[in-house]
Amino acid sequence: MSNTLPVTEFLLSKYYELSNTPATDSSSLFKWLYHKTLSRKQLLISDLSSQKKHAISYDQWNDIASRLDDLTGLSEWKTIDESSLYNYKLLQDLTIRMRHLRTTHDYHRLLYLIRTKWVRNLGNMNNVNLYRHSHTGTKQIIHDYLEESQAVLTALIHQSNMNDHYLLGILQQTRRNIGRTALVLSGGSTFGLFHIGVLAALFESDLMPKVISGSSAGAIVASIFCVHTTQEIPSLLTNVLNMEFNIFNDDNSKSPNENLLIKISRFCQNGTWFNNQPLINTMLSFLGNLTFREAYNKTGKILNITVSPASIYEQPKLLNNLTAPNVLIWSAVCASCSLPGVFPSTPLFEKDPHTGKIKEWGATNLHLSNMKFMDGSVDNDMPISRLSEMFNVDHIIACQVNIHVFPLLKFSNTCVGGEIEKEITARFRNQVTKIFKFFSDETIHFLDILKELEFHPYLMTKLKHLFLQQYSGNVTILPDLSMVGQFHEVLKNPSQLFLLHQTTLGARATWPKISMIQNNCGQEFALDKAITFLKEKIIISSSIKNPLQFYQPRFSEQIKSLSIMDADLPGVDLEESSSNSLSIIKSPNKTAAPGRFPLQPLPSPSSTFNKRKMDMLSPSPSPSTSPQRSKSSFTQQGTRQKANSLSFAIGASSLRLKKSPLKVPSRPQFKKRSSYYNQNMSAEMRKNRKKSGTISSYDVQTNSEDFPIPAIENGSFDNTLFNPSRFPMDAMSAATNDNFMNNSDIFQN
């Protein structure tokens, strides 16, 4: 089988090849007699249902499901918009309005409609009950609304002549209003290999969220996936057969009885059934010494791993590139897999970003030193609330394979969707959900009583967390109940056939949910693509046509080379005062042009502002005339006035512009300083800026009065300071003695 096939098709074909299982049901006498009693239509439906169960790709599965909908008359249900399950009139009205504005090229009204009307669950269109009446898809009006949304975004970014910064700002705010989607993978020991099939199906359908979280076995799969780029994922999935998940240590040279005695002895001595050294070695071979920050910088995926503290007084932690940027991923995975009684609890390790030295996380902190962690599924199998707080996540795709959870969720009415369900089955699910809720509340109350009586309070607290957690999401992917029969494989190293079998089950369980995920996340993913396109367009156009303008004419910054110079300034040097290595760029020494003067120092604002203003009327002192003065002497001077230089930050590098030791004419006197630079006259500053005329393309706001929205995603930022046309020429020279550029947030974004 060639690995040029789609990933899921290759894996499922390989599974049938190794298991000697036919891709279709074999004929039998009973089946032949049963088919004789069916009509031609019923026989065709039966054959298609059998083919659907044994499909080896989503395209094949979806095609068969669509044919079944046509044969059974369910396609007609999709074309009827009227339903009490959602607000179909709202969707109809908004679709018509967007189509009208798009065809009439009224892009400003269209953008206003997007900003004010787009939400994720508009008119309850994400109701799971809308996906129980057909084999695939749902109401046609929902598909029409999402297709029109994509057409609208395409027209805005390709056909409208709007300012790119302005359009980008509106779309970014709309995306924040809609929220993010996160994929959450549960624990489940070797049943966690089920997640591989889920990832393969979502990746092929281009529905992979950026935020991925994993606990225990889910942390293993999520971490391996998140340390590989999008281009590396296909080869990673097709080579899954070559992966050796040597998690549970067994000495193959000894008999099973001898291995059992060793495990019993270890459990009596240490309280654990297995040694975690094979787990550590396996994770090191898969992940290396990558940290959360390094993985995010490499792939752009936000990996989250949950760990539970071994102490009763600590809260569960969600590790990611924000909360634990320097923590080694393999140590977080091993800690998240440390199920009590199975693996010993382990500490976390981090890598020093400067020296690369590996040490225990929090070793310099007395509170965290010698702190150990265990299985993340114990306290927080699905960290939904923390993901919402940190990454604006409001839509969860959950994959649940915990052996004590998914059989109960199969009977829950919150995990339906993607499969046809009769009314009697729905009522049965509802009753089961109520009964489970009753027993769960009673169990929690009983555990609280035992804890108050101080009967093993640590154990009672952990057991209580098992019942208080949320194990499902907006879309929940569950394995078939037949997987319970493989319980004996839970604490064994997976064989190649078992791995392929779990992958096959995961892919097939995901296919019925694809249409739900497409509709729930359609606008979000379309906005992500549009925002990415606009950012690339802005970067390319800015680097070619519109370099960043500073407050002096013809003074520009070349971002790539960090070359900052003014051709009319005599002898400007670029010097780096940080650890990064940058080349020193010198402009040709020229004689100062008439009326032009070298860059002057910018003193910090103080109470002696008026005194400095009067001092400017006197000739400024000439710089040092010693040509042998080394560059290091400039970096060692304490104040900006003494150094006679301008320092500012670009990213992580601190750059310094210094004057060359050339004799230059003194500053001419001027009569009146512009009121714009008086820090105590903010009202007049706004008045002067309003009267200044047109706004350049570098401004965050545009001339449109409908959307005065900043174009910066992580906070507003007035970029008009970079436009020299906003200031008169007499104010240009005055700006050099003011704290005009001494704003820490100017280069922050």
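Heads up, the Cβ atoms here are built off N, Cα and C, so glycines get one too.
Your range for motif 'HXXXXD acyltransferase motif', going by Swiss-Prot and the list 54-59, 192-197, 486-491, 516-521, is 54-59. The candidates are Ser28, Ser189, Ser645, Ser654; Swiss-Prot tags Ser645 with the feature phosphoserine. In this structure, the C-alpha atom of Asn321 (N-linked glycosylation site) lies 8 angstrom from that of Asn304 (N-linked glycosylation site). Among residues of the same chain six or more beyond the motif 'HXXXXD acyltransferase motif' (54-59), those with a C-beta under 8 A of the stretch's C-beta atoms are 6, 8-9, 12-13, 16, 23-25, 201, 204-205, 507-508, 511, 514.
Note: the Cα of Asn297 (N-linked glycosylation site) and the Cα of Ser216 (active site, nucleophile) are spaced 24 Å from each other. Break the motif 'HXXXXD acyltransferase motif' (54-59) down by DSSP state and the numbers are 2 helix, 0 strand, 4 coil.
Around the Cβ of Asn270 (N-linked glycosylation site), the number of neighbouring Cβ atoms within 10 Å comes to 10. Most Cβ neighbours within 10 Å among the recorded positions Ser216, Asn289, Asn297, Asn321: this distinction goes to Ser216. Considering only the glycosylation sites Asn304, Asn474, the Cβ with the fewest other Cβ atoms within 10 Å is that of Asn474. Taking only the Cα positions, the spacing between Asn304 (N-linked glycosylation site) and Asn289 (N-linked glycosylation site) is 17 angstrom.
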